[in-house]
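One structure below.
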Amino acid sequence: MNKPIVFTKESIKQAGEALSKGGLVAFPTETVYGLGADATNPQAIKKVFEAKGRPSDNPLIVHIKDPKDIEPYVNEVTSLHHQLMNQFWPGPLTIIFEMKNGAFDPIVTGGKSTVAFRMPDNEVALALLNENSFPLVGPSANKSGKPSPTSYEHVLNDYPKGEIDGVLKNSEPLTKIGIESTVVYPKKGQVFILRPGNITAQQLEDKGFTVTEMTPDDQLESGQILSPGVKYTHYSPEQPVYLIAYPKTIKEWRKVITQLSKDEKIGVLADESILKELDTNQIVSTYSLGQKGDIKEHTRRLFSGLRALEQTKATIIVAQGLKETQENHGFMNRLTKASNFVL
Ligand code: TXA
Ligand code: MG
């Protein structure tokens with residue numbers, strides 16, 4: 001097997017050709033990198049599941065370049081669906097539709113009668129979608145269980161041996177948002193959030209939608225996991241992650257670090273205001289979440305930080321928890337899932 005090819009804007013045609021031949025090409029979106037394949041080619045999709053090591057009941061998101069592209073595949077576009085698409089596409093909102101019978105192979109939808117669509121807000125992704133007439137599946141381009149990739153280097157790191165054909169480079173070093181889209185199921189006049197993400201419940205409510213967030217427990221209690229992805233382990237680096245719950249004073253931070261450094265080599269993921277106050281002799285590596293309170297930057301750097309610290313000599317990763325607010329919800333949801341301990 002050959003190493004994956006790194007495609008750029010200039011060689012996007014070749015990336016499109018690889019996809020049309022049933023190949024796998026990872027591509028950037030505004031959230032994280034997706035592992036692209038022709039959504040109408042079951043053989044190609046099979047390779048996506050194999051490359052990722054993904055459980056077969058976990059359905060894929062289908063990416064389109066224009067809201068009209070969903071028409072051949074869906075039964076009914078309700079006015080609620082229309083309103084969501086109008087307000088949030090292109091953008092980090094994945095919307096679930098009732099699928100036209102047999103429109104996609106069951107391998108795409110995990111055997112469900114519904115299908116999830118998203119129109120990404122990233123010019124490189126849209127240009128790639130424009131190369132062919134078929135839509136692209138795009139699960140996050142990490143190996144199953146790992147933090148989602150936010151740079152092309154992250155993708156190469158997960159598929160060093162050519163399990164995928166290539167990766168298309170973003171126009172920036174890191175993707176803009178850094179965590180995945182919000183997955184919603186519009187049903188009976190309500191918008192159910194199946195996976196929290198960049199778009200908050202508050203943002204949906206502000207546009208006039210009635211919103212219910214369904215936690216994995218809610219989904220279990222309702223008798224069916226509506227969004228199978230939420231039940232699997234996620235976002236985990238090799239080392240155990242210790243989440244430092246908000247709020248902690250610098251004094252408390254120092255105490256925790258001193259205690260843990262007796263038995264462990266510590267990598268710290270925190271904002272500048274915390275990093276500059278810690279004793280560097282007790283720490284082997286750090287990754288900055290940016291300036292204190294810059295939640296956009298914290299979110300953008302979260303997965304990148306977990307991946308960077310994973311590559312260091314650290315035996316544990318200590319990560320800064322944020323206050324639970326609407327704006328911080330996506331960050332905290334991902335960090336909590338990545339964590340083994342909360343202090
Ligand atoms: O931001 C994102 O959404 C990224 C970028 C690449 O677009 N993609 C992504 O895909 O995060 P993935 O496969 O890692 O996560 C897809 C999530 C899973 O939790 C899956 O269970 C859910 O969407 N999902 C997909 N189709 C569904 C369906 N028909 N019904 C319910 N949940 C679905
Ligand atoms: Mg994923």
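In case you wondered, yes, glycine gets a Cβ from its N, Cα and C as well.
What TrEMBL says about a protein is an automatic prediction, not a curated fact.
According to TrEMBL, the feature L-threonine binding site maps to T31, S181. Annotated ATP binding site per TrEMBL: R54, N58, H63, T114, R118, S140, S148, R195, Y235, in sequence order. TrEMBL lists 9-199 with the feature domain 'YrdC-like'.
Features as recorded by TrEMBL, highlighted on the structure.
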| residue | record | contacts (Cβ under 8 Å, 6+ apart) |
| --- | --- | --- |
| T31 | L-threonine binding site | P92, P120, T175, K176, I177, G178, I179, E180, S181, G197, N198 |
| R54 | ATP binding site | V48, P139, S144 |
| H63 | ATP binding site | T29, G34, G36, A39, F117, R118, M119, P120, A125, L129, P135, L136, V137, G138 |
| S148 | ATP binding site | V32, Y33, S140, A141, N142, I179, E180, Y235, F303 |
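Among the record's ATP binders, R54, N58, H63, T114, R118, S140, S148, R195, Y235, no two C-alpha atoms are more than 26 Å apart, and one pair sits at exactly that spread. Its own atom aside, the Cβ of S181 (L-threonine binding site) has 27 Cβ atoms within 10 angstroms in the protein chains shown. With a 10 A radius on its CB, R118 (ATP binding site) counts 27 other CB atoms from all the protein chains.
Mean pLDDT of the predicted structure over the domain 'YrdC-like' (9-199): 97.
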